Each structure stands twice: as C-alpha cells, then as structure tokens.
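Record features (Swiss-Prot):
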- 105: active site, phosphoserine intermediate (ACT_SITE)
- 31, 32, 33, 34, 35, 36, 37, 38: ATP binding site (BINDING)
C-alpha cells in the first residue's frame, strides 16, 4: 500500500451536491429477510425520483450478482460484503447522490464500520423491525422454509444471529405500517433534517 496515494478530485463533493441541488446521505435499511427492506427502499427511491432528486439504490441480492459474486454467507464473507457495499455507498454519496442500501447486515460492528465512512448526520440507519413470525410468514423467496428444513445454513434469524440496532435513526414495523406510511415517515425525517426540501 505504500506506493498507493490518494488523488483529490478537482470537482469537490460539495460542488457535486450543489450541482444537483441536494444534500447527499445514505439510508441504510437493515433487518431480517422479509422485513420489507427492499420493498420500502424501492418505494422511497420512486418517491424521491418523482420529486426530482438524484438517487441510487443498492440491493443485497443484486450486489451479489456482480460486486460481491465471489462471497458466500460465512461471517467473514458477510463482513466483506458490507465493507465493499459501504465503500460503494460512500462513492455514490461523494457524487452528491441520496443513496439507499437494503442489506440484512446482521452485525452491529459492520453497520458501525459503514457509519464511520460518513460525516455526522449523513448515515441514517433504518431498522426494519418486523417480527420474525411476520418475516417468516411472508417468505417471498422460500428461504425460511429451506432454512427450517436444514437446506440453508447460516440463515439470519434461524441459525445465525441478527444484532438488533440499539439506536437506529428510524425504526419501521411493516407488520403495523403500510408501504405508503413507511415512505411518508422517511420523507418526513429527511425534510425535518433539511436533507430534502419540504413541499
């Protein structure tokens, strides 16, 4: 690493944000499989896009088709998966975008690692706090059924732990709130902190 140096860009992060007339941030959706991470993140992405904001959504399954296709689901691979994703999120935010990421990200230390990449107030942890029973009853990919049958090992919530965020910026329970209600809560949070404009 001693022969590698950091090159500053001529166009700054602040200038890129000003050009887009918005403030960059990362909304980090975390929770069990089936808790609504991708659903709510996608709905928020649409809502922000319709308001004219420049956004990008990174989804756990999609990232494993390319950037992280060489990784499995061991604890070490999960850590590396989140490390890579965190660095990519930072690059998107440096480009002035509002970034959303939807990853189980079960370990507190990994989420803390990503938080440290961002200036204060720009990392927004969104804990999808749906009960395991709700997530398992949805089971959109049939993964819980396979995990219960022993066909999938290291499945979060079944035989691998999920460390619940102690102080997330936002907590949403999709067993109690609709998609629209969740999006409204997220929009309100962003407006209150002047990350987006109030209507």
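Backbone N, Cα and C atoms are what each Cβ position is placed from, and that goes for glycine too.
Separation of the C-alpha atoms of residue 33 (ATP binding site) and residue 105 (active site, phosphoserine intermediate): 10 Å, rounded to the nearest whole number. The most densely surrounded of the binding-site residues 33, 35, judged by C-beta neighbours within 10 angstroms, is 35. The separation of the residue listed as 'active site, phosphoserine intermediate' from residue 35 (ATP binding site), Cα to Cα, is 13 Å. Around the Cβ of residue 36 (ATP binding site), the number of neighbouring Cβ atoms within 10 Å comes to 25. Sparsest Cβ environment among the recorded positions 38, 105 (other Cβ atoms counted within 10 Å): 38. In sequence order, the binding-site residues near the residue listed as 'active site, phosphoserine intermediate' (Cα within 10 Å of its Cα) are 31, 32, drawn from 31, 32, 34, 37, 38. Its own atom aside, the Cβ of residue 34 (ATP binding site) has 23 Cβ atoms within 10 angstroms in the protein chains shown.
For the recorded site, residue 105 (active site, phosphoserine intermediate), the DSSP three-state label reads coil. Annotation for the binding-site residues 31, 32, 37: lowest Cβ count within 10 Å of the residue's own Cβ, 32.
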